[in-house]
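Here is what TrEMBL says about this protein:
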type	residues	note
ACT_SITE	GLU227	active site
ACT_SITE	CYS261	active site
DOMAIN	9-447	domain 'Aldehyde dehydrogenase'
TRANSMEM	512-529	transmembrane segment
Amino acid sequence: MATQFTIPEFENTSLDIIPALASNARGTFRTHKTKALKWRLVQLRKLYWAMEDYKEQLLAALVKDLHKSNFESLIAEVDWVKNDCLFMIANLEDFAKDEKLGAPAVPASFSLMKFRTRKEPLGTVLIIGPYNYPVQLLLAPLVGAIGAGCTAVLKPSEMTPACAMVVRELIEKRLDPNAFAVVNGGIPETNALMAEKWDKIFFTGSAQVGTIIAKKAAETLTPVCLELGGKNPAFVTKNANLALAARRLLWGKTQNAGQVCMSQNYVLIDKDIVPTFIEFLKESYKDMFPNGAKASPDLARIVNPRHFHRIKKMLDETKGKIVMGGQLDESELFIEPTAVLVNSVDDAMMQEESFGPIFAIYPVHSLDQALNIAASIHRTPLSLFSFGSKAENNRVLNEMTSGGATLNDTFFHGSVNSVPFGGVGDSGWGAYRGKASFDVFTHLRTVAETPSWADGLIRVRYMPYDWSRLRQLQRLTAKKPNFDRNGAIVKGFGYWTSLLLGLGGKGIKGAFLRWLFVLASGYATMFVLEKRA
Ligand SMILES: NC(=O)C1=CN([C@@H]2O[C@H](COP(=O)(O)OP(=O)(O)OC[C@H]3O[C@@H](n4cnc5c(N)ncnc54)[C@H](O)[C@@H]3O)[C@@H](O)[C@H]2O)C=CC1
Ligand SMILES: CC1=C(/C=C/C(C)=C/C=C/C(C)=C/C=C/C=C(C)/C=C/C=C(C)/C=C/C=C(\C)C(=O)O)C(C)(C)CCC1
């Protein structure tokens, strides 16, 4: 166990060795050793213990890079990845085993061919991470890649240099160096990596860079999983528990100082409840930061001056009114959790991705108006949050899509490490976490196996074609639709028979239970009548 440590100065990986690192990982995949479940499990166990043994370095690096509190670093970075390892280890055998393909996918007439789905590792993958959760968002995909049996090269964000260096050491020292490598650097290093051939690229970051990655990957038809940002709306109606909505929405902007791509960008709220909502926000602020946000040991800082100025610019440009927070200190890269009451959809606070502790409040007349505004700002955001009645929340879910959604809270859907997480449309392609992390690096390969003795049965396929055999086969296997050309169900003989036999229901299990009930009632009646007689 490492107790004494120093975090090395950030060092770019030499451009010259990048092709060799990629080729080494590719070569190792070709040895097939990563396909053995035993090997994968050992790597996952090693990663688990590396996270534990490097915990102090990781926590210190997260303080250095983001001023992230140990509390948040443990829950959302170190323990998160450890839990990912444990989940994958516990379920790997189940995820990786062949799946038998039977009815209804495989018709009974083909059941001899032993159809199955084999789970194959895609190969050698590239994982590119962002700065906001520099440990979790780089290593959680790696857990999926290891589980799937892939080899991988990782590219941490250069904007969190201390984390990048600790992660590099942790991977290089603890995992199989022939299978996994870390490349540190920025655009030149990423470009050098993109010049290599990968079997999948897993990218988390901005839509702008995601587009560059997807374009480059398209040149070699390399599949990509993109985890991107979004302008996420929150809807608050008169039927919401307003105090709770305010507290939970504020929480969404205090975690990692709002540098969370799934937190709300703006709140669309019924105009009549805006003053009360603002009062509740201020109350929650006081509860969370009794001595002010700047004095809080819990609040992270903005990652660097560039992002500080990006967020500041939104506050400089807004025509709205700051109703909570508003304090900034560049020397500390501090931005106070800030709410801005705006009166135009075109306001910078509505149109730019916040990715920081600031958000807009926009009063609306109705849920109709709110839904129209949200769709006009970003039709496919990464998340949405709805605080209203059950019917209103259902309406929001039904009428507006998003990568994930939480009702009556902020990003709870993204706070559990084993449920699928991903965007939709331009907020992301593909999902990971839990089983989805295994699937995203896995090829589902359908395999059939035709017994030699069955050749006579399937001879109809051979030339010269024999129409009489085909007609015979059709008589035996052809299925008839139970609908007409207008799309209506045809209530023919089959329909009435199955309705009768199923005692008015559809499923076999239900029909069985209903028949059991009928027979038992009949038997009980006969028993009573016999007793009376
Ligand atoms: N959907 C999700 O899970 C998440 C999405 N995000 C999104 O990521 C963004 C913030 O993260 P950043 O680290 O600033 O993202 P970014 O897109 O600037 O950087 C991500 C990665 O791409 C690399 N990169 C940057 N410019 C590049 C270029 N021109 N060519 C090739 N590679 C390049 C960086 O070195 C880094 O490793 C926000 O838009 C946020 O919404 C962030 C975290 C999670
Ligand atoms: C334990 C018992 C109970 C249950 C207690 C519960 C459910 C506690 C819940 C606590 C929560 C929700 C803590 C919050 C944790 C925050 C986390 C994990 C934040 C994660 C951040 C992430 C994943 C950020 C990712 C960023 C991304 C992807 C991005 O930028 O987009 C009972 C049931 C109450 C009683 C028994 C005991």
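Keep in mind that glycine also has a Cβ here, set from the backbone N, Cα and C atoms.
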Between the Cα atoms of GLU227 (active site) and CYS261 (active site), find the distance and write it as a whole number of Å.
9
Sequence gap of 6 or more, C-beta under 8 Å: which same-chain residues meet both conditions with respect to CYS261 (active site)?
PRO130, ASN132, GLU227, LEU228, GLY229, GLY230, PHE355, LEU382
Need one number: mean pLDDT over the domain 'Aldehyde dehydrogenase' (9-447).
98
Here the 10 Å Cβ neighbour count for GLU227 (active site) comes out at 27
